[in-house]
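S.K.: Summarising the annotation, TrEMBL assigns transmembrane segment to 28-47, 78-100, 132-159, 207-227, 259-279, 291-313, 320-341, 353-377, 389-407, 413-430. Feature annotation from TrEMBL assigns region 'Disordered' to 458-509.
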Amino acid sequence: MQLILHYDETYREVKYSNMGLQDIDSKMLMGINVTPIAALLYTPILIRFFGTKWTMFLAVGVYALFVSTNYWERYYTLVPSAVAIGIAIVPLWASMGNYITRMAQKYYEYVNYKEEHVQEQQRAPRGAYNSYIIVFQTIFYGCFHLSFVCAQMPMIFFLNKFLYELKHTLFSVQSCGTLSKGMLPGFNTTVLQGLPRSINLIVVESVLMAVAFFSMLMVLILCGSAYRPTEEIDLRSIGWGNIFQLPFKHMRDYRLRHLFPFFIYSGFEVLFVCTGFSLNYGVCAIGLENLAYILMAYGFSASACSSLALSMLRLPRHAVLLAGAIVHAILLISLFCWAPIPRNLAEAPLLYVVAAFWGLGSALNKTGLSILLGMLYEDKERQDFIFTIYHWWQALAIFVVYLWAGLPMKAKLTIMLLTLLVSVLSYGWMEHKVACHIQHRMPKIPKPRHKVRGYRYLEDENSDETGSESEKEHDSDGEGSQEPPCGPQHHQDCAYNQAFGEEDEDRLG
């Protein structure tokens, strides 16, 4: 809605004169798409420092901040908030993927709780979480894809009544679909037949702000912690240097490397349907006033078809991903051969069908990838790194889509089709190597390093560690081993220990 308002030449001149809103919009898009490139460097540190739940809460707060800047549209409000959105995208999705997976695992522990397992600290059998991960991720993506429907409400109930009909907005458009180049060339620079009143815009923005704050409250009140307090401490206590390095070390695992092309394609396809297909096929043929309905068809289809991921409870895990890839491959080939006639409402049924089938492929792709990662990486101390890598590659793909905006449509479709083909081949090879029991390379997670000074803990050791090697070595020295001399370098520590030792003896006496 914001981009459509700023695109209109009359709106810019009347409301903001020479402020240069189009230049601001380009910088906003750059901030949103370029900033996530650096997310791999800081996302694991943010998640470990704040915790999974609070990272989600703060990231949703950044989205609320972005909405609030629309009350006062200026360069110094819109561009910094767009950069903040870019910074928050990967932490939000990485923490959310980690959180959903952890909730599935905790629900398994709740359903299968046995006191003797807790006392013996037994871990769940390999693959025990899988069915719960499938159900939880399916429910999440079924709800998430409805956001594409909810996002069109301002267009349907507010902005559509101000738009010109397609005969005006598409008057100079000569070609659509596979024959087009760039982002809908020839589109009229005047799309609003009347300017919305400022008070109406404030009402719409206030509704969006209320939704943003409500989502923050839901995270704050309804979401519990993903880890126990002691586990949160242990996750942070491995050292910030190790936390920084571990995402890069996890990339040496061949299972993750073989999924990189699928991560990239996952970023390509969702942005393509929202920009390339919706504009160069949909708007070009049936007008800007029907853009919202195309995206709603996609959202409803993706939400409903996310439930097909439940088939992984019975079918092999590769069935969902490969089925989604086949659907998208057929659609990409069809789009490569299809050039809708401009200003032709008769194309509408076919456009809605393509949007619905694209939603089917997207649902299988997104849900299948998240479920697969939860199955492959069950260790709770690794999941934030894995989902960070996944969504970082997605962010890189979205940046590439931002860069290729000026390419011909045939070039875009060719790149996507080749990426999809490489994704399927790479994933198939990964499953083959796993079936052959080829050993994967997993980085070792360092033990927590608790450095507590005080009455209880007087040594630099892991306070939660039992039966450690240091204790065994100390026991093997025998009871007659002598204490180290109180030399100059140990004088302060020895005096400290002696003082507390005397105090303990007095209390025991």
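Any Cβ shown, glycine's included, is placed from N, Cα and C.
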S.K.: Out of 259-279, 353-377, 389-407, 413-430, what stretch is closest in contact terms to the transmembrane segment (291-313), meaning most Cβ pairs under 8 angstroms?
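M.R.: Maximum Cβ contact count belongs to 353-377.
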S.K.: For the transmembrane segment (78-100), give me same-chain residues lying six or more residues beyond its boundaries with a C-beta closer than 8 angstroms to one of its C-beta atoms, as numbers and ranges.
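M.R.: Long-range Cβ neighbours of the transmembrane segment (78-100): 24, 27-29, 31-36, 39-40, 42-43, 46-47, 52-53, 55-56, 58-60, 62-63, 65-66, 68-70, 136-137, 140, 223, 226, 370, 373, 383-384, 387-388, 390-392, 394-395.
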S.K.: In the same chain, who gets a Cβ under 8 Å from the transmembrane segment (259-279) while lying at least 6 residues past its ends?
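M.R.: Sequence-distant neighbours of the transmembrane segment (259-279): 183-184, 291, 294-295, 298, 321, 328, 335, 354-355, 358, 361-362, 365-366, 369, 372-373, 389-390, 393-398, 400-402, 405, 409, 412, 415-416, 419-420, 422-423, 426-427, 430.
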S.K.: Counting only pairs 6 or more apart in sequence, are there at least 3 Cβ pairs under 8 Å between the transmembrane segment (389-407) and the transmembrane segment (28-47)?
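M.R.: Taking Cβ pairs at least 6 residues apart, the transmembrane segment (28-47) and the transmembrane segment (389-407) are in contact, with 3 or more under 8 Å.
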S.K.: By a Cβ-Cβ criterion of under 8 Å, what residues six or more beyond either terminus of the transmembrane segment (207-227) are in contact with it?
M.R.: 51-53, 56-57, 60-61, 63-64, 67-68, 98-99, 102-103, 106, 154, 235, 380
S.K.: Go through the chain and flag residues at least 6 beyond the ends of the transmembrane segment (413-430) whose CB is under 8 A from any CB in it; none is fine as an answer.
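M.R.: 178, 254-255, 258-262, 264-265, 268-269, 272, 318, 321-322, 325, 328-329, 332-333, 335-336, 404.
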